[in-house]
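First the structure, in the form of structure tokens, and then the observations on it.
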Amino acid sequence: MDKRIINANRIVVKVGTSSLIHPNGMVNLKTFDELAYTLSALNNQGKELILVSSGAIGVGLNKMHLKKRPTEIGAQQALAAIGQSELMTLFTQRFDHYLTDIAQVLLTHDIFDYPKSNQFVMNTFDCLLRDNVIPIVNENDTVATDELDHKTTFGDNDQLSAIVASHVDADLLIVLSDVDGFYDQNPNKYPDANLISTVNQIDENEFGVAGGTGSRFGTGGMQTKLLAAKRMLDEDRMMVLANGADPRIIFKILAGKSVGTIFQKESVAHE
Ligand SMILES: Nc1ncnc2c1ncn2[C@@H]1O[C@H](COP(=O)(O)OP(=O)(O)O)[C@@H](O)[C@H]1O
Ligand SMILES: N[C@@H](CCC(=O)OP(=O)(O)O)C(=O)O
């Protein structure tokens, strides 16, 4: 058991579209509610939480009664703009229920590369966390297409969550998806795939078995989650990849139980 997980105080949680939207395109109200409950409970315990949430396009598709994500980038951006406010409305309703304040923070991947912007973003996070407000981060899809055009770029919310985790000096990054963790092959294609409970290093072997997205709405698949995990490992931080079907799984993770896949350097694996 790693005490660093139990003692983790500043935690970034990333939730993917596949956890927030049912395969039929409808909003998964259960996930929204359990996520709000779990993060509110942890916030009340004094932990500092940042939620990185995808779902703007998924919610936008549902609102506009569309079955398929359009290929045109401008149309995806328009859907993200429609869906983002709806996404925040859903979060506001559920977090209000648990008496927790939230804030919307829209970022681009490069924002931290500019010292002034970086400082402004950090000031915002510092003030929000000091005031017990949970920032809910998404990429600003209107001005950035990192997440939308995977033919030319490979940015996405998995990596954005890792960038945020490293800049706010988070103790732990938890990535919630529609799989139980990282497998030795894509479990949606190969039913005999085995869950890997601990990963100490990421190289071509791991990338070799990480496939694309499994759902209609997810984007990066396992590749971008591994890139996020690699960034965490390189900085000697920890990441847990777990199933977001019931976000209360976060309580189990923070209790040190073995769920999902933990990415951590070998030196701390048995502390
Ligand atoms: N080795 C692997 N282990 C686990 N999942 C994998 C693997 N390779 C590919 N995948 C796929 O990655 C998907 C999760 O990524 P994605 O669809 O982008 O979800 P999210 O919306 O949560 O970001 C899984 O549903 C699965 O189909
Ligand atoms: N900004 C986009 C996020 C796209 C994305 O990274 O999605 P996912 O693979 O579900 O985490 C949206 O909110 O739809």
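Placed from the backbone N, Cα and C atoms, the Cβ positions cover glycine too.
Unlike curated entries, TrEMBL annotations are predicted automatically.
Copied from TrEMBL, the annotated features are:
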{"type": "DOMAIN", "residues": "9-237", "note": "domain 'Aspartate/glutamate/uridylate kinase'"}
{"type": "BINDING", "residues": "K14, S177, D178, T219, G220, G221, M222, Q223, T224, K225", "note": "ATP binding site"}
{"type": "BINDING", "residues": "S54, D141, N157", "note": "substrate binding site"}
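Sequence features annotated in TrEMBL and their locations in the structure.
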| residue | record | Cβ neighbours (10 Å) |
| --- | --- | --- |
| K14 | ATP binding site | 30 |
| S54 | substrate binding site | 29 |
| D141 | substrate binding site | 24 |
| N157 | substrate binding site | 27 |
| D178 | ATP binding site | 18 |
| M222 | ATP binding site | 24 |
| T224 | ATP binding site | 27 |
- Message: What does the structure give for the C-alpha distance between M222 (ATP binding site) and N157 (substrate binding site)? Integer Å is fine.
- Response: 12
- The answer for which binding-site residues (K14, D141, N157, D178, M222, T224) have a CB under 6 A from ligand 1 is D178, M222
- If we take the residues S54, D141, N157 that the record assigns to substrate, their largest CA-CA distance in Å comes out at 11
- If we take the Cα of S54 (substrate binding site) and draw a 10 Å sphere, the binding-site residues of K14, D178, T224 inside it are K14
- Item | Average model confidence [pLDDT] within the domain 'Aspartate/glutamate/uridylate kinase' (9-237) | 91
- Item | Cα-Cα distance linking K14 (ATP binding site) and N157 (substrate binding site), given in Å to the nearest integer | 8
- What DSSP gives for S54 (substrate binding site), in three states, is coil
- Message: If I take the alpha carbons of D178 (ATP binding site) and D141 (substrate binding site), what is the distance between them in whole Å?
- Response: 23
- Work out how many Å separate T224 (ATP binding site) and D141 (substrate binding site) at their Cα atoms, rounded off. 17
- Message: Among S54, D141, N157, M222, please name the binding-site residues whose Cβ is nearer than 6 Å to ligand 2.
- Response: S54, D141, N157
- Can you grab the distance from D141 (substrate binding site) over to K14 (ATP binding site)? Cα atoms, rounded to a whole Å. 17
